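Reading through the structure tokens given below for one structure.
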């Protein structure tokens, strides 16, 4: 946000206003110091530009001093616009700096000059101020942390300790700052340990173990220590950050100690903070002006520390392995080290691909569907906002009830309870509006109106609004896809094992989630939206962008108008429960957690059920019920159900499978075309309409995402017809690929 303070409108103020519009910055204009101060206290602008050319209007330096007295201005960049003098010597900028200005701008009303100034500010001072703001949050976390934290420079000079460290070691506030570690009482064995630690971390390996330290009063305390090297500028170790916990009398680890190395640049100014402990800490070491890798590792480490405080199950596993290492022979300890490396990754459930050259189709699919883009800044912005349509457009009259559906549509839906139901026949019969009609029939079959205590007309209005907010221009993500997923969901809900597991509220949630799971989909992937800097990507922090939007918009569309609010007669607690299940199921369709959902389903449901069968307990209904009905497992089953429904195309009859393959390929082709037009990163290069092999892309998708998931779902729900279609479709695509054909169908 930018605040312009100009007493009068002139070419200079107009130039900055134009530049703000071009840069996409929100801009306010103030004419007097009082209005400027009031506006700033209300908006907290990132940049303030004050006119200092005409002192007769107001005192620019006095205004700057007034703003700087406000705490809100601590991270604000203030620019002084001064007159251009060509006939006298350059004046000093020190008075402006003393008044609180960040820099000066010599008047130049050229629009591009104003724009360039703003862009330089954004990527210079403003970005630096954003980092400083983040530091306050980090310092607050450090101050309140129960772990003892000590930060030293590369020369082992103490630059920061938190209250927990001072309490544990018996020191007063600020007493340790700027002391060398050699000035602090330590156990005589510690020097040997430091040699061991340094020999390990200097080659980039982490070290973990226990050692004794001495408190200020000379008492020895035992600590468990873990040191993680983080390389800073110049490829060197710049800080050691020690996060430690004590051990109790029985030598059982109560707290862990973790050391990370961060980057330091001693020539920077110190961080302003109300606590004197922070006065010695180099701000740039925490905002990381060093390598991106250093910054990423630092954030990762803080995440691990946080997870330790809440005792996540994975943390307990790691602690058990750490304890086992203490008394293990070297070969066992090394093997446990390798196990720990695997456990500490954030991709525990994702299989590791080989080199990209081995299978570019799989690699591109993974990159396009399971990542949130390249995070590359672009001058282009992809605008996407929710449509406000509340009426279904089109020439087809809306049905009054199920009894008024035209005969052709009724005939197209005759076998909707069967897996081989043809959604494309219904699409043609309804003029690309299959969701309303199929929704009415399926929701009636499952008694949704009775459960929700809503009228059929309300349900019909709701289906119309939801369908109107699907983009018919999308080749794949349109209301036909939604209707297809709704049909698959209803089919899965009719399977005996699923019916044993889920309650009526789960069935209602599943059908609603299937209906809305892609509403307002723009026909582009999450990676595209993140790379394009879309409004949605910014709103949802580049995380599950589309899925979050689908869920949020679905409830906005539903609750904003009583005529289509299917939830309006529900009891509050029941509505909250239903809403939570719907949101969870929609978010489960996001592909970044695909393998996590599948592996949890296999390990928590498939394997226990198989073990019961192997032990001869197949008839033990109570044991099976325990597995199926636990709240955690029911969540996994609902997620797996909608995931399978969402990407079940390869398990459909051949002609449907081929049609869906053509539609998704066309959507990916269109995305690649647009990425190249806009100069964005191409996240799936193999989907070039001139070179792509559709059979290869289908085989890669099936091999990587479909086979294991549907093997697991089939083992649970018993779906032999789906697996037969899947096998036939694999043979079909392999046949085309074997003939080096890149198209959907062989030539006549």
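Each Cβ is built from the backbone N, Cα and C atoms, and glycine gets one as well.
Note that the coordinates shown come from a computational prediction; the quantities given were computed from them, not determined experimentally.
Here TrEMBL gives region 'Disordered' for one range in the set 138-179, 180-221, 222-263, 264-305: that range is 264-305.
Considering other CB atoms within 10 Å as the measure, the emptiest surroundings among the binding-site residues 477, 481 are those of 477.
Taking Cβ-Cβ distances under 8 Å and a sequence gap of 6 or more within the same chain, the neighbours of residue 478 (AMP binding site) are 432, 470, 471, 472.
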